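So that you can see what the record holds, here are the features copied from TrEMBL:
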BINDING   71-76, 122-125, 164-173, Asp199  FMN binding site
BINDING   Arg288, Thr571, Ser642, Arg643, Lys653, Ile654, Tyr655, Val656, Gln657  NADP(+) binding site
BINDING   Arg455, Tyr456, Tyr457, Ser458, Thr473, Cys474, Val475, Tyr479, Gly494, Val495, Gly496, Ser497, Trp729  FAD binding site
DOMAIN    65-215  domain 'Flavodoxin-like'
DOMAIN    268-540  domain 'FAD-binding FR-type'
Amino acid sequence: MASTSSSDVLILALGVALAALYLFRDSLFAASKPKITSSATKSLDDTDGNPRDFVAKMKAGNKRLAIFYGSQTGTAEEYAIRLAKEAKAKFGLTSLVCDPEEYDFETLDTVPEDCAVFFVMATYGEGEPTDNAVQLMQNLQDDSFEFSKGGRDLSGLKYVVFGLGNKTYEHYNVISKYVDNALEKMGATRMGVRGEGDDDKSMEEDYLEWKDGMWEAFATAMGVEEGQGGDTADFAVRELESHPAEKVYLGELSARALTKTKGIHDAKNPYPAPLTVARELFQDPKDRNCVHVELNTEGSGITYQHGDHVGVWPSNPELEVDRLLLALGLYDKKDKVINIDSLDPALAKVPFPVPTTYATVLRHYIDISALAGRQMLGTFAKFAPNPEAEAAIKELNTNKEIYHKIVADGCLKAGEVLQIAAGNDIRAIPTAENTTAWPIPFDMIVSSIPRLQPRYYSISSSPKLHPNSIHVTCVVLKYQSSPNDRVPERWVYGVGSNFLLNLKHAANGEETPLISDSGVANTVVPTYAIEGPRGAYRQENIYKAPIHVRRSTFRLPTNPKSPVIMVGPGTGVAPFRGFVQERVALARRSIEKNGPDALADWGRITLFYGCRKSNEDFLYKDEWPSYTSELKGKFVMHTAFSREPPYKPDGSKIYVQDLIWEQRESVADSILNGKGYVYICGDAKNMSKAVEEVLAKVLGEAKGGSAEEEGAAEVKMLKERSRLLLDVWS
């Protein structure tokens, strides 16, 4: 037997010791582990415990109000912020302004008794919640959803509701009504009446009429008195003596645009798309214009589907930029670099990138071309340059009838109101000599005038035919204001459409009249800084427009056998051009694969189109015959020309709804027997309602009943089953 060496024994002993240490490691080293104590545990009341608990955030920040906004375009968010500011100014109460998408609602039943919750809710599309309010609505309407204490009891909750809608739509303000009814059903107490703003008339006036009564009821329910707050600024504006020029925003819409770094292009980072085509669509454009623009998206990563919308980010016209700079006494230092800080980031975030310049803010970032709001004028009155100007602007602020007559009917912007109040002539090109300066702090301008928003257009092309190009069909908005004793009749120009018209002129090297022979402002096409910040939107003779794509549910049925009825007079035809192109692309592939009879079992695609005259404003007049040919007769177009014969027997004009009635048998057959789909695009106020009424009449008659009962029920069912879809505006 071999003898064991001392080294072997040592190795064996070491192995046994290591094994023992491993086996008994928990008990041997327990004392070295930190003990978990209650002080180390985060409770749900701590905001670090659950960042989606809005009640915990309210408590942590000593906020007595939570204001939720359901917003698709930013308007509801603006009103939510206004309510928060007013609560602070009137009562000294601070608020948590909340995007409902970022919070959970299980703790809605734990809101303290001395607190309240506001809901500022927009209704979107066909009675739908905005994208960021979908989960909130599901929680409120789902009877199986329970709050943190179990059940659905909100008897201790005090709340306020303000809705944003448009009466031209069938489901006017239904989301705010749903919220109100659901909260009331669960025992919550509403303070004041439910507010309803109508964007078709004046959202601003509806808000102003509602808020005073609401605040009275609020003060009583909350046990607070007005006068406990005070006027406090939202922002601090500082002029910078030195700052690297390359780090100053001169109209760039994102940090990536400033630093020229790559990234996803969306609403927060629009893509400067080169214009490859820009042409006039009207055959006789002497009084009106309609622009067709093709935007190149190759290499941008942007994709789209037929029926989507493209957002175009315009700038304000140079005339209005100069006017407001002069009215604020800032023209001589318009290029001064400024930084803007929020004094309460939870309440008011700086709405655009900084540092920037005075001129850039007015040109690119805030909507100085919008109608001047009545409430805004009260803020400006404190800084009037003389007693006469103060009295004039106070009258516009306090007298609703005078405001409507002078400002609303006169379509006056903020700069124009300041000129009118000071006795200046707004018809003249503004200069330092003819424009009185108001010492309004610039932070108040930023607080009072909303952010300049993109203008959305239905995309008029299909990615199947144009994968790297987005087509826009835009009628140029230009109309005359109503004259009054202070403001003469004058031309008013839409910002987005005239921005595109400027781009068309520049891209084609066309001359545009800049100043009339009389030297009077507002008699010619406004000009814009279309070359963009640092010339970013121009490359030699190629101009660019900053864009992003917004998704839509306005889609063709996937099965081409389903009949399709499209109603789109005027520029309402835009998405249907994309629809037809989509079917043309599918037809080409089908015929290539299955032969010339591949479309035999396809459903018919019918377009009802209308305009004034066949030789004046017939959009894409030369294209439709080729689509009819490629679709082997499956595409049929019916046209109504309202200002040329034939007319009705009584001499009245023929519109698209009249064409639908003429074709009622085939329309009813396509919908009732063919299970077809109906699409309406265009004016919501008159056309869309008229088309729905005639559809109810057609379907009611086909079912042997009336338009009011059987027809209305059929139209309602079509909407519920997404077989009647609308893309309309007012």
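Placement of Cβ uses the backbone N, Cα and C atoms for every residue, glycine included.
No curator has checked TrEMBL annotations; they are predicted automatically.
Here the Cβ of Gly496 (FAD binding site) has 20 other Cβ atoms within 10 Å, regardless of which shown protein chain they belong to. Annotation for Trp729 (FAD binding site): spatial neighbours Gly682, Asp683, Ala684, criterion Cβ-Cβ under 8 Å with sequence separation of six or more. Close to Thr473 (FAD binding site), meaning Cα to Cα within 10 A, are none of the binding-site residues out of Ala122, Tyr172, Gln657.
Averaged across the domain 'Flavodoxin-like' (65-215), pLDDT for the predicted model comes to 92. A 10 Å cutoff on Cβ-Cβ distances gives Tyr169 (FMN binding site) a total of 24 other Cβ atoms nearby, all chains included.
Counting neighbouring Cβ atoms within 10 Å of each of the binding-site residues (Ala122, Val475), the lowest count belongs to Val475. Counting neighbouring Cβ atoms within 10 Å of each of the binding-site residues (Ser71, Asn166, Thr473, Ser642), the lowest count belongs to Ser642. Residue density at Lys653 (NADP(+) binding site): 14 other Cβ atoms are found within 10 A of its Cβ, drawing on all protein chains shown. Other Cβ atoms within 10 Å of the Cβ of Gly74 (FMN binding site) number 15 in total over all chains. Here the C-alpha separation of Gln657 (NADP(+) binding site) and Gly74 (FMN binding site) works out to 34 Å.
Considering only the binding-site residues Gly74, Gly125, Asn166, Val475, the residue whose Cα is spatially closest to the Cα of Arg288 (NADP(+) binding site) is Val475.
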